[in-house]
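Q: Would you mind keeping the following structure in view while I ask a few things?
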Amino acid sequence: MGCLGALLFLLGGLGALAQICEITEVDSTLVERLGQRLLPWMDRLSPEQLNPSIYVGLRLSSLQAGAKEAHYLHSLKLSYQQSLLSNDNSDSEAKPSMGQLALYLLALRANCEFVGGRKGDRLVSQLKRFLEDEKGAIGHNHQGHPHTSYYQYGLGILALCVHQKRVHGSVVGKLLYAVEHEQHLQQGHFPVDTLAMAGLAFSCLKLSNLNPSQRNRITVALGRVQEKILKAQTLEGHFGNVYSTPLALQLLMASLRPTVELGTACLKAKAALLASLQHKAFQNPLMISQLLPILNQKSYVDLISPDCEAPRVLLEPATETPSQTQVPEFIHVTLKVSSIFPSYRHSVSVPVSSSLEDVLKKAQEHSRFRYGTQASLSGPYLTSVMGKKAGEREFWQLLRAPDTPLLQGIADYRPRDGEAIELRLVGW
């Protein structure tokens with residue numbers, strides 16, 4: 001084989017390795033069922049329940065929701081434009097967060113729209129202000145932390161990038177520094193989903209060449225992100241855990257550095273992910289919306305130039321077979337809170353398949369237990385327990401006794417009979 005032939009063989013092999021991270025052989029029925037789980041959420045049109053991620057996930061998938069999809073985008077536009085462009089600053093709680101605004105901009109791009117005009121410019125300016133505020137919180141010496149998270153910081157950069165809006169080099173520099181010096185981060189490292197989001201932002205910046213002076217540094221950071229994600233693969237094959245794997249695969253699927261190690265890791269991850277699909281592990285709408293694109297060989301980076309004419313299968317609502325009326329079975333769950341004095345421990349009886357949120361509600365009805373939550377795009381999360389609120393850089397962690405952190409939130413986790421669940425206030 002001549003030199004040219006050897007080169008072509010090598011390039012073809014690397015291309016095949018990159019494609020290994022694409023999930024192409026999935027039962028269409030499984031994919032359709034995932035999409036059907038999003039349809040009820042698209043009927044929830046109150047401002048606090050609207051979720052741009054649902055629209056993005058569907059537009060990057062092989063599925064469509066027909067008129068419901070167009071109506072959902074219209075509702076998103078009304079809600080976000082009214083809340084952000086209002087001159088009334090008295091109700092700041094109702095205004096979208098940085099992450100919500102970034103996802104809204106991704107939703108517009110998923111419909112092949114570029115933000116523009118006076119309203120669009122104000123939306124872009126608002127997101128840039130969010131990023132500048134976070135940059136200030138991190139500080140000149142990089143010893144601080146974002147008010148939100150590096151995940152939202154990376155998401156904000158990605159959203160502006162797909163709209164071809166340049167982000168100041170100093171803003172990008174904070175995310176680059178964080179990836180380069182992970183010892184300053186929570187527990188000394190980025191979670192996998194945060195790494196993946198940072199990598200998607202870097203991939204977009206590199207492909208769009210919006211920050212040419214930082215191009216070499218971005219390339220090196222991308223390699224570091226890929227290396228860290230591969231090292232985080234579990235024995236089962238997931239990157240981090242089952243719910244961070246879709247976002248990790250979005251990044252790895254578009255990798256510009258295909259290697260044999262990458263190909264092997266992706267094959268293992270795909271097998272683990274497909275097994276999770278068979279076991280109906282994905283119920284949360286945010287997680288489903290991150291998974292659907294990779295089942296269509298797409299990632300958020302494809303929003304640089306989305307294909308809005310690609311054929312997609314129309315979703316029909318799931319049909320439920322009526323079940324015979326029967327007396328519900330009950331399970332017993334022990335609820336523990338050790339981060340307060342006196343500590344709390346109480347056994348709760350709830351119907352089978354109840355969520356942890358149902359357990360908390362039942363405990364509040366029949367004991368001294370009290371709790372507070374706040375809505376988010378991934379569902380409600382605990383903000384206070386027994387009157388004790390999580391402070392700055394604290395959160396209420398959910399654990400299955402004795403010490404296993406739950407991967408799902410209170411609305412998604414389904415306890416089993418005899419389980420003990422602990423609510424623990426921890427710092428980060």
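Here the Cβ of each residue, glycine as well, is placed from N, Cα and C on the backbone.
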Q: Cys161 pairs with which of Cys112, Cys204 in a disulfide, per TrEMBL?
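A: TrEMBL says the disulfide from Cys161 goes to Cys204.
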Q: Scan Cys112, Cys266 and flag the one TrEMBL records as disulfide-linked to Cys21.
A: Cys266
Q: Cβ neighbours within 10 Å, counted over all protein chains: which one of the binding-site residues Thr148, Gln152, Asn241 has the most?
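A: Of the binding-site residues Thr148, Gln152, Asn241, the highest Cβ count within 10 Å belongs to Gln152.
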Q: Which residue, out of the binding-site residues Tyr150, Trp396, Trp428, shows the minimum number of other Cβ atoms inside 10 Å of its Cβ in this structure?
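A: Among the binding-site residues Tyr150, Trp396, Trp428, the sparsest Cβ neighbourhood within 10 Å belongs to Trp428.
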